[in-house]
Amino acid sequence: MNATALQEANELKFLMNALGDIQATRFSQLASSAIIIFDHIITLDKEVELIWKRPWAAGKVIFIINRYYTMVSVLINNYALFSSSLTDSVRIRFFQWQGWTGLIACMIAEVILQMRLYALYFLSKRVLILMASAFILSSASSAVIMGTVLHGIKAHAHPLPTVPTTFCAPSNVPSYFFAFWIPIISFESLLCFLALFRGFQTFRTSGGSTLFQSGRHLVAILIRDSVLYFLVMFATYFTNMLVWASADPSSLEIPIAFSVALSCTLGNRMIFNVREVNQSDDHDEHPVANGNSGATIKEYQLREIESDSDASLPAERRQQLSDIEMAQLRSMKAERSYGSSHFAAVFQ
């Protein structure tokens, strides 16, 4: 009787300690799912206009995989977390599915970042080799750690005494599991450094005029999005690493859902931003129908500025202004033709 009572007391203590973590895991999964679904709803018009109406290319395929693979995975995760009819073996399969899904979601977002940086460096083979090598090393290291842990992990379904459902907490999780995040954080730090370095180069060579020229404006957007993505995801991944290093096994799943949701939504937004700028530049290139055959909107606007200034400026000043404006126009056209062609080659 004493042994039985002690065992029951230990089980009750385990249930009380794990119940809060299980509820937090479920709520975090619901919250992350809400983020993904809400973002999908509010950006559906952009998806139709900027993705589905464009021809098939690498950028489109990556977007669709990132958007819909992640959505399907979080729906499956919600079902598994709230279902009461799953066996121990199915729970183990769920933990394996959840672990590999998280890694794949991170890898997809990193592919999007690499495509952006490849375009930022004008399709530099050296940068591509550097990123690809580091990406393979990082992904392989994280995959080895994940595979080793998942191979030995155990799971048992426990019925709740007051609620007609069960919960499942992983066990036999090694203490080094937090190291899974170290290669990912290191690789994304490299990508952030490359983005910042490219931004410094662009600002130094442009004299601070990056935002007034369409080709460089696109570069500025790519750099801005890459840095913001890194800051958000670094905080998310670092939080995951701290939780995995210090918390109980029952709380390991709490922060994972947010890392998947944020990498998905931010990756989609980065693709949207690039395509919106490209679409705006394409619109500026359309000829205007005011008798200016072959003139673009920007050329027409410059001519309007020249004509407005003719009445108030002397002839010498008008000629000087026209030369400056036309030189700027030629620079803008050259940059857009050179830069946008590389961005289109990667994202369109």
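In case you wondered, yes, glycine gets a Cβ from its N, Cα and C as well.
Among the features that TrEMBL reports, domain 'DUF6533' is placed at 28-71. Feature annotation from TrEMBL assigns transmembrane segment to 61-82, 94-115, 127-153, 173-197, 218-239.
Listed by sequence, the residues of this chain that lie at least six past the ends of the transmembrane segment (173-197) yet keep a Cβ under 8 A from its Cβ atoms are 106, 110, 113-114, 116-117, 120-121, 127, 131, 134-135, 137-139, 141-142, 145-146, 148-149, 152-153, 222-223, 226-227, 230, 233-234, 237-238, 240-242, 244-245, 249, 252.
Sorting the domain 'DUF6533' (28-71) by DSSP state (H, G, I as helix; E, B as strand; all else coil) yields 38 helix, 0 strand, 6 coil.
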